[in-house]
Structures are given as structure tokens and as C-alpha cells.
Amino acid sequence: MSYQNAPDLNTGPQPGPKSPRRTGGATTDQDCCPPLLEHQLGVGDFLKIQSAFEPSDPCQAICMSREEFMQRMTETVGWGTKQEYGELFDKVDVAQDGFINWDKLTSFMLFTLYEKDERAKATVVPAWKDLEFLPVKHKDTIQKVIFLKSSSRYLTISKEGLLGVWGENLKLQETLPITSDATKLKHLWVTSLVSLENVNKIAVAFTSKEICFYDLLSKGEFPCQYKLQGLKGTPICMEYWYDPLDANKSVLSFGDITGKVQAIAFTTALISLFERPASAHEDEEAMVTLSWEELLSGYHKCCYTLQHNLHHGDWVRQVTYNASLDAIISSTTSNTNTMVLAWREKSKKHLKMTSFNVAEGIHAFDYHSQLNLIATAGINKKVCLWNPYVVSKPVGVLWGHSASVIAVQFFAARKQLFSFSKDKVLRLWDIQHQLSIQRIACPFPKSQDFRCVFHFDEAHGRLFISFNNQLALLAMKSEARRRAKSHKKAVTCILYNSVMKQVVSSDVGSTVSFWMIDTGQKIKQFTGCHGNAEISTMALDANETRLLTGSTDGTVKVWDFSGYCHHTLNVGQEGAVEISQILVLQKTILVMGWERAITVFRLQNFNQFFIQPEKWKGEIQHSDDILCAAFLPPQTLVTGSYDGEIVLWNNSTENAHCVLHPHYQRRLKSKSDTEPHKLFSAGRSLSTCPSPDQAALGAHSFETDTKGNNAVVRLCFLEARTNTSETGGANLVSCGGSGYVRFWDTFKKQLLAEFLAHGGAGSIIMSIDKSNQYLATGDLDGQLKIWNIEDYCLNSSKSKITEAPTLIRSFQPHEDQISSLEMCKPGGRLLIISCSADCSICMTDVCGASVWIFGQAKHWQTENHISLPKRDANLMKSEIQEESIRDIPLLSKEESCLDLRERSLLDKENKDDTIYNFESCI
């Protein structure tokens, strides 16, 4: 693959406070076009300007004339000439009132920065990973690629009717044949596919002049719920839209080979797409067959039809309903009535239409609502930009392709446009300047006869291009240079201290950092806590006044928040170990991760600096290494191991009494009972068959788990469910290998539910809020999902539940493995904090707020060096340096304005400063 980037279209000095002024020397291009004053003013300068506009009487506003503004600004700001401030005044005073105030100035600056920001985004050339061909199982031409937002899955469908279901990580989960009685005929093809997201269905069009509607929520294969027959022509393109504010309102539009454009407008989609006959109510899963004549007659009260035939026999290549224009847009390859906009005026049944004539016709189009532009892919090698209300000529023409253009799609956020031509050349255009800023030649096989499907998933930065039955992926590289880093090295663990309202983080470089939750301000940092050894996990004591750090050097250290090491727990007996969890209880500290036994330290013996472990009374009950543990007052302790076993203990006696596993349970009657007597839970047996997708992923294996497919990585008790012992239901959640989450009833020793949270992503971790309403899961790819479990598994069930709880959010805040998750509720707002091997700590909320990175923007105010008094040899020399991120709250309601004001700060390199320097605590 070859890349050709156009030159930077927006070069020049970066905005910043107090840019240096030239005083002489050789003349350069920049001397001829000096940077504008408003692009050089920094936040500190604006604070000075604001103070000049502040009146002594709050009820009055200060207005300045041009002369007064020039004089006061040169004195207040301290740099810049009167001429420059005069020019700034003229730009602000667009109404020529002769005076300006603070509101006018700030409005002008925000608008100027917004325009500058938009211009900068429009000229950013994305970097791409190498072209990758996905391992599809399609034998015939791929007809459509779509993304399901509700389940974070991709769907592909080919001409022979094979549906491919892909995970968000682009692992093929399963393939299903889309068939019905009619589609079993030879030479019958699938022509198009759309997703009906609001009702969890897909619609598939066939050459039999049928459209079938399939339910995505059914187990196993997707059943056909409705079959629309009797269409006058074969539908070859479809599109679906629904109103995000009222999901009952939706439009399915489709075009056929006779030139007809038709649409079905649904009015009660959430209740039912079509009327069901009385006989069908008895069997909800029975397929309902309906005819196009029924829809035309108005028999179905929950929808109505729209249609026109302005294309006069030409194949309709693309059709869509656009809500911004409130019109149906369609196109053909004819040079007359090439593109048609059709809309219905109020109280009128017939459509009004306007048409665009494009020489030689077009293959495709796309509409950008903010720019109000329609881009067309011309057979004449041109990409044209049209105003929807001007049919006479395009407002812009993009030249550069040497073959007919077969696809176009806007990169909406950046106001850029993709175009793809028949010679397999991809171009990216800057719409504002109407210039090609990137050219990519795709290495497809040489062939003149091929079908191409073009789909850009903007949310994930993925571009899919099909070549007959092959599917290629072009993925954008993450803009690492713009992404802030919270730590210099991979972050391993995060905690939230509710007493101090601080986030505590650790990394593989043996550094611990402390952050303010409300501002993202790093307030202190400890380095060298365990020499050069990695800190793998941390924990807080019950009062949240002590911090425990576990390291690969085989020790756990106990610190106060002034940097004093009180104790060193000798876990590994002078050897390196992998500590995965520290559990602090009322009388003991439990450490685990590298062996089958629980390592215990009893607090009654914490009377010296070095502490040695003691013997766990329950001895060894696991067959593999213990990875995690959880405690439920007053005395229930559970531990999970690499082989998938969960052991239930009485923490008071330290004796185990039961072992749980996804496929069996065994009771432990005595210490000598080591044989695995497999007693299956009520209502289930060994013969229970897994679902096809589970079997494909290898989630269920009745042999010894040597690959960690069932490894228990996290355990969480649902403590808010206080009546589980009487009412039944799940009170324990586990997760780990193969991306599964499982819900257990520890009182009845029963697995109640399991669902695949992250398909094909390997091991996952999780966190649950204190009210037990939300579950957050993270995987090795940096993907984070938030689930609503408030009403999930509240009652016991004889059969295991495999349906997942409601998925609220699915997004990717990190570029690498998520290593730790924490949920907290400062100020009544539930926040999810995550850290990753990509060196960042991210925070967001349940409802969909922006993802903020700790340390993403720093505005230095003061640097205070504080000497700490020496207590003894265990308190090391240290210094504190305060960092401040002024006026940048992590979850501000004024995010957009702040983003404009501080945009230049986000791109600056983050420099973590050492705050504490530790030597060995001896």
C-alpha cells in the first residue's frame, strides 16, 4: 500500500501566551505574515484583560472606546502594540458601535478559536495501519457491512445469504444462513441488509421481491418475524432511520430495479412494525406474511407508505431518508434525474420532488447535515458537492481521480470526505479548501469486474472496503502524540480514597501518584516505592488512612499518605512473586496470586517493621493458583483460582466448605476431603449444551482448564442485596477468562447466570458500584462496557440465564489492556475510573459523558518545595511539588467552551515531575 500525504495546509506559529517578538535578523515568510494578536494571547493574558473590564459596581458593565482599549491593554497585558490592539478592537466591534465590553470580546475570541480549531481538524491527515484482510467465510459477493450500536457488533451479509456476526474486536463470532421457504430456491440472492436498531431487528431484501424482518434478540439463529411479499420490482438498496427522541417513529426506504423509490413510515415501531393477525397472537414466534398491496390499502394502521417513480426504469443504486432535510434522497447511474429529493408536505399524500442531473450519472452519495452538502460519486471521475436547494450546478467539484468514483462518505467530525474509485484508489478531501489531503492505493487483486461495499465506522476509526467476497479493513492509528499520559509507564492499579477524595494510581516503574478527583490535579507522587520492581496491586485499610502496595519483589508495604513506610510484609520469602490482590480484613491481611495457598498476616503481630506470614488454618483447597478474593460480612470469604474454581470459606474458622465451578460443585466435609465429588446444581446436569457462540469461543470445557478459559480474575459480592438468603437470587459476581461474567447464589451453591461480555477479547476485569446497580467490565483491547444489573438475577431459577443484562455504554477509552477499574460516587455522581497499560487513567460517568484523562491538561501556577522532617530511617528524603490544572474540571458542563479555551494545552507534552523519592525502607 502506498501513502501520499498532501502538504500541511495550516502551518504557522502555535497559539500561546507571550510569543516572542522579532527585533531583527534575516527576513522569513513569517515576517511578511506575522501571527495575529488574538492567536498569541494566553489564558493568563485573558485573566489580565478580564480584570481590566471588572467594574467596581457589580451592577454596571465597563465599556471601552477604541483609544481607551488600546491604551489600557498595552498597560495591562504588558506586551503588544497599540496598533495590534486597535486591529483587535475593530474585529470585535463588528456593529461599529464605537465601544466594546467583556462579553463582546469573549464572544469574538470563542468564535475565532472555534474556527481555528475546525480548520486545524479539517487538515489533520489520519495515519493508517496496514491494510488487513479479515477472515470471512463468505463464498459470494459481500452486499453490506453494518455496525450494531446496541450490541457493539458488526454484521456482514453476502449474496448467497450467509450472515457474519463480528465482535467489536473484529473476531468472527458466528455465521448464520439467512433463509426462508422462498430463499431455498436456486439463483435467489440477497441484495441488501439494514439494521432496525430501535426494535432490535434486521431487514434483508431478496431477488424474490421480498423483504424479511429478523429478530436479533432470539437465541440461536435469527427467526424471521415478518415477510413482506408482492413488491413490483426487486429491491436492491435499503436504508433505515429512526427518531432518537421518539423511537416509535422510523422510516424504511428502498429502491428497486424498475426505478421505483418506496418507503414505509412506522408510527408505533416499539409496539409493533405491522398488524399481527389474531391467530398469530397465540404463537408470538410465528412468522407473519404480508403483502405490499396490504400496506398500500392502509390495512396496517401502525404504518403508511410513500413512493415515487421519477427515475423511470433506471436501477435505484442508493436511497436514504434524511431527517435534516425531511426528504428521501435516491440516485441512479442515469444522466437525467440522477439524484432525486422527495418530500411530503403536511396534509398532502403525494410527494413533491426535485431532481439533479449529473453528466454520466453517479454511483453513490452522502449528506453532511452541518455543512448542508451532498457529495456525489461521479461516473465521470468527479466528486461533486451540492447544496440540496440548488439543482443547477454543484457548489464545488473535487478533481483528482483517474477512474470513475464508486463510493463517497463524509468524515463528519473533521468535515472531511472519503472517495473511492474503480482503480482502487482512496482519497481523503479537505472540504473547506476542496483539496485532496491524502491518497491511498489499495492492493486489491487486478480485476475490472468487481463489486465494492464501502463503510466507514467513524466512532471506531475503521474503514471497511469489500472486493467481491473479500473484506479489507483500514484502521486509523491512534493519535498518540495528542493523547495525554498520566504515568510515564504502564499503570497497574487504581483506588479511590473517599476520605480525601483522591485517586491513587501505581505503575510498573514502582511509582504511586495521587490525583484530585474533581480537577484531575496531581497533588503528589511517590517514586521508587519498591526500588525498580513493578507494583502489581494496591489496597486501602478500612479507615482509608493506610495504603498497601504489593510488588513483584515479593513484598507488601504499608504506607501513610505522607510517604512513611510503617511495615514491610515479606510475602515471597525472598523470592519474586506475582501478587494479584491484597484483601484487608478486620483482623488479617490476605495476599494471593502466585500459589494455591492463601498467605495471611495477622494484625495482632504488627508490632515490628518486618512482618512474616503465618499459616492459614484451612490449608490448601485449590488445585491451581489463587488469583482473587472477596469478603461478605460477617464471615464469608471466597477465593477464585486460575482453573475456574471458587472456594467458599468461613473466615472466622478459616475452613473451606464448598467449591463452585461453572460445570460442577463439590462440598468439602473435612480437611481430608480432597477428591472432587461432582454434585450438580438443581435443575442442571452435565449434559447441558452450550450455545453455538459459546462453544465456538471455547468458553465451556469439561477437561482440565490449562489455558485459563475459566480463570476467575475478579470476585465481587453484591452487598446491597441484603435479603438474598431468604428471597434467593445472585449475591456474587465473577469474571475472567474468555470474557464471561457469571452470577452465583452462594447460599444455594448455584450458578444462576452467565453471559459473554467481551467476545474474543480474552480475560476481562470488572467493578461494581456500592448500590449494585451498575457493572463495568474492561478487556485486553482497552474496551469498556457498562451494564445495568439492578434487576438482574434477583430470583433463583432452575435453568441458567444466558441473556446479558442491559448494556448502557460500550466504548474504548484506552489503546491497550485495561488493568484496573474503580467505581465511585463523589458528590452523588457515579463515576467510572479505569487505568491501562497505555499509561493513562481515564474517567467518565454512566450516562455518556466525555472521557477525561488524568493529567491531560496542566496549567502551572506554583511550585512549592516542602521539606519533610526526618522521623527515622524509614522516612526518606522527599520533596513535594504541587501541580495545578486551573479551570479544567474533569466533567465540566461547559466542556465545549473549555475545550476551545484550552485546546492548545492538550497537545503539549506531559511531563511528570518526581515528587517523592524513596530509598529502601530499612
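From the backbone N, Cα and C atoms, a Cβ is placed for every residue, glycine too.
Automated prediction, rather than curation, is the source of TrEMBL annotations.
Residues or ranges marked as region 'Disordered' by TrEMBL: 1-31. Among the features that TrEMBL reports, compositional bias 'Polar residues' is placed at 1-13. What TrEMBL records for 80-115 is domain 'EF-hand'. The annotation repeat 'WD' is assigned in TrEMBL to 398-439, 484-525, 535-562, 619-650, 766-790.
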Quiz prompt | Positions on the same chain near the domain 'EF-hand' (80-115), where near means CB under 8 A and six or more residues out | solution = 37-41, 46, 49-50, 53, 61-66, 69-71, 73-74, 897, 900-901, 903
Quiz item: Any contact between the repeat 'WD' (484-525) and the repeat 'WD' (398-439), i.e. 3 or more CB pairs below 8 Å with pairs at least 6 residues apart?
Solution: no
Practice problem: Please average pLDDT over the repeat 'WD' (484-525) for the predicted structure. | Solution: 91
Quiz item: Reported in the order helix, strand, coil, what are the DSSP residue counts of the repeat 'WD' (398-439)?
Solution: 3 helix, 25 strand, 14 coil
